[in-house]
Ligand code: NDP
Ligand code: MG
Ligand code: MG
């Protein structure tokens, strides 16, 4: 596996290019500011009347409508929520694309599942930081970065990969390392990771363990600290030193208990279900479900958000985080 670092990448290729960052949210703000601070010619494309317009303007960015930005730029980097990209692309970006332009993304979703199809002669690339926008910006300002992925789906001009790498470098990603991937691999692994572990798996594991302790009569505050708060300390150890470093740092009792019990938590059935979840990502079933949900105005998501906000662990957690000064 080839990993690109700062010295492997020449940003000269972008010297005469104008880059439009569409969207100024989590990724848009971070990537636009990093690329601008790295000396690139960045404009920000937004809809009028949204809350981002003022923010980007106050940050000193060159702000214009999505239509104007798409018309002016050579590279249109699309950083608005995935579920609205298709509509915004058709209405406000596609009509202004010219041969030799590049459209780029931080997630392969819309290209991989075919919701966005680039016109003939237009490059399709990906520059994807492997972390939230706030981290992309913070680590950049600290003089480092977070790792990132680059991919090329369509190389119309022959230098699409060089462009993507240069953008990744300007975002600070090459300080930590940039890996090459494909739209398919990035999209499918990203969805699987967030469903099985990062967002879906971990919240369910925490909440189920929390409820088990509370049901057994333990104080909810104690249950929260044990099943949620301490998780960060463990994850930090795994992040920095792997499983081995984590096992080394916990007590022998924790190590023995963890190793003998974990197979009863994640069972063969869980593994089969993970295969099933991955299959639904690969065969497009999940994407179809999400598209239908959005077409209907996201009723299920709204209902689930409400239920989630009413969880006991959320009430207890919010109270404790305030007491600890973690949350305002
Ligand atoms: P955000 O939800 O933070 O994007 C918000 C931005 O999109 C705002 O500037 C908002 O403008 C604009 N926007 C929202 N709706 C519309 C609309 N209907 N028309 C025009 N503009 C609109 O997105 P993220 O940064 O989370 O995600 C952007 C991309 O990055 C996605 O492809 C995502 O998968 C990818 N990504 C995200 C990561 C993350 O950490 N969040 C990590 C890695 C990749 P306004 O103020 O006007 O509403
Ligand atoms: Mg994701
Ligand atoms: Mg303990």
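Glycine too: its Cβ is placed from the backbone N, Cα and C atoms.
What Swiss-Prot records for this protein:
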- 107: active site (ACT_SITE)
- 24, 25, 26, 27, 47, 52, 82, 83, 84, 85, 133: NADP(+) binding site (BINDING)
- 190, 194: Mg(2+) 1 binding site (BINDING)
- 190, 226, 230: Mg(2+) 2 binding site (BINDING)
- 251: substrate binding site (BINDING)
- 1-181: domain 'KARI N-terminal Rossmann' (DOMAIN)
- 182-327: domain 'KARI C-terminal knotted' (DOMAIN)
When the Cα of residue 251 (substrate binding site) is compared with the Cα of each of the binding-site residues 47, 82, 84, 190, 226, which one is closest?
226
Could you tell me which of the binding-site residues 26, 133, 194 have their C-beta within a distance under 6 angstroms of some atom of ligand 2?
194
Taking DSSP three-state, what's residue 26 (NADP(+) binding site) in: helix, strand or coil?
helix
C-alpha of residue 194 (Mg(2+) 1 binding site) to C-alpha of residue 24 (NADP(+) binding site): distance in Å?
23
Work out how many Å separate residue 82 (NADP(+) binding site) and residue 190 (Mg(2+) 1 binding site) at their Cα atoms, rounded off.
13
Out of 26, 251, which has the highest number of nearby Cβ atoms, where nearby means within 10 Å of its Cβ, if these are the binding-site residues?
26
Could you check what DSSP calls residue 133 (NADP(+) binding site) once collapsed to helix, strand or coil?
helix
I'd like to know which of the binding-site residues listed (194, 226, 230, 251) lie near ligand 1, counting only a CB under 6 Å away.
none
Looking at the binding-site residues listed here (24, 84, 133, 226), whose Cα lies nearest to that of residue 190 (Mg(2+) 1 binding site)?
133
What's the longest C-alpha separation between any two of 24, 25, 26, 27, 47, 52, 82, 83, 84, 85, 133, the listed NADP(+)-binding residues, in angstrom?
20
Between C-alpha atoms, which of these binding-site residues comes nearest to residue 107 (active site): 24, 47, 230?
24
Residue 226 (Mg(2+) 2 binding site) in three-state DSSP notation:
helix
Rounded to the nearest angstrom, how far is the Cα of residue 230 (Mg(2+) 2 binding site) from the Cα of residue 26 (NADP(+) binding site)?
26
